[in-house]
Amino acid sequence: MKILVDENMPYATELFSRLGNVQAVPGRPIPSDALADADALMVRSVTKVNEALLAGTRIGFVGTATAGTDHVDDVWLQQQGIGFSAAPGCNAIAVVEYVFSALMLLAERDGFQLRDKTVGIIGVGNVGSRLDARLKALGVRTLLCDPPRAERGDAGEFWPLEKLVAEADVLTFHTPLNKSGPYNSLHLVDAELLAALPDNRILINACRGAVVDNAALLQALEKGKKLSTVLDVWEPEPELSLPLLARVDIGTAHIAGYTLEGKARGTTQVFEAFSRHLGQPQQIELASLLPVPEFSQIQLNGPLDEGKLKRLMHLVYDVRRDDAPLRKVAGQPGEFDRLRKHYQERREWSSLRVQCDDSASAELLHKLGFLTA
């Protein structure tokens, strides 16, 4: 059995070779000659999986090592009897930590305490729910907007988007991209919403680029809208608006979910799903795959304040390390994808053990995801 894997899926060759012969290939584009005799295909979000790619092949299973699936025509796959699995939640922690890094950076620059802000979270799935829990652990007021969950009667208090626009200091978007239907999220942030948004707010998009109307956002910023903006995703990709990049406060190349842990979770989840599909179920212990981090232990003396917390967070990951490279190469052909393909190793807070002499600080750090003694 021949299994094609994206060359940028960590541990894919090591794991999938347990099930067949593995060939690592570029994700954009996938060589057609490699597909000709392949039985299974494992991709990331850069690969559009549809009839145009797979018609006439013998592919019997597709896995995407990503939480999102809008790059996969799963309806067509089902019609063809092709097995399919994604990796829901695999990079949720990474995205949450990206948002925190950005917020802590803006808090330092603009002289505010995150605890004093209200954060509106739009989309309360794997990412949004984890972000909500960690913000609440820090004492931050949150407002949640998730119409599908509200209509299902899920536990929790959900509000219409209009309330978040009016009351939240921060709007952070973590929705899927739905281009039709009752939960259409295409251009959820449009000219009308931007006009209604009070000045001196923060807008974060780390889900899908087209959730925010990039043209409308650029126009608002060009007209003097006072809005701190963090964009990890763009409309379209891999191209992006250079004038918009020049005006956002933080801009990165769709890497919010790119921790080593997140990528490894994606690979292992898809591997386990494929092994079940073959009737050969296997389970992988994530920790057995991961290397020792560059920084693994630190001593915190005294109580934790936001300044110390920012330094701890940024010791593991500082979003500025991804903002500067994009600005340097944006507009050059192929550079957006190159930044993603050759992404510098990034770890999650759970890779750092913090020794504390203050029990309340240790409890908070544990809730935020750090290891504590």
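Keep in mind that glycine also has a Cβ here, set from the backbone N, Cα and C atoms.
Per Swiss-Prot, the features are as follows:
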| type | residues | note |
| --- | --- | --- |
| BINDING | S45, T66, Y258 | substrate binding site |
| BINDING | D146, T175, D232, G257 | NAD(+) binding site |
| ACT_SITE | R208 | active site |
| ACT_SITE | E237 | active site |
| ACT_SITE | H254 | active site, proton donor |
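For the recorded positions D232, E237, the greatest number of Cβ atoms within 10 Å around a candidate Cβ is found at D232. Here the candidates are the recorded positions D146, T175, R208, and by Cα distance the one nearest E237 (active site) turns out to be R208. Binding residues for NAD(+) (D146, T175, D232, G257) extend across at most 21 Å, taking the greatest CA-CA distance.
The local packing around R208 (active site), expressed as other Cβ atoms within 10 Å of its Cβ over all shown chains, amounts to 24. If you count neighbouring Cβ atoms within 10 Å for each of the binding-site residues S45, G257, Y258, the highest count belongs to G257. Sequence-distant contacts of T175 (NAD(+) binding site), defined as residues of its own chain at least six apart whose C-beta falls under 8 angstroms from its C-beta, comprise I122, G123, S185, L188, C207, R208, V211. Summarising the environment of H254 (active site, proton donor), the number of other Cβ atoms within 10 Å of its Cβ, over all protein chains shown, is 23. Looking only at Cα atoms, T66 (substrate binding site) sits nearest to G257 among the binding-site residues D146, D232, G257. Same-chain residues at least 6 positions away in sequence with a Cβ under 8 Å from that of D146 (NAD(+) binding site) are, in sequence order, I122, G123, V124, G125, G128, D154, F158. Sequence-ordered, the extra residues of this chain that approach the substrate site, with Cβ no more than 8 Å from the Cβ center of S45, T66, Y258, are R44, V46, A65, A67, G68, N91, H254, G257, K263, G266. Note on T66 (substrate binding site): other Cβ atoms within 10 Å of its Cβ, all shown chains, come to 26. Largest Cα-Cα distance over the residues recorded as binding substrate, namely S45, T66, Y258, equals 12 Å.
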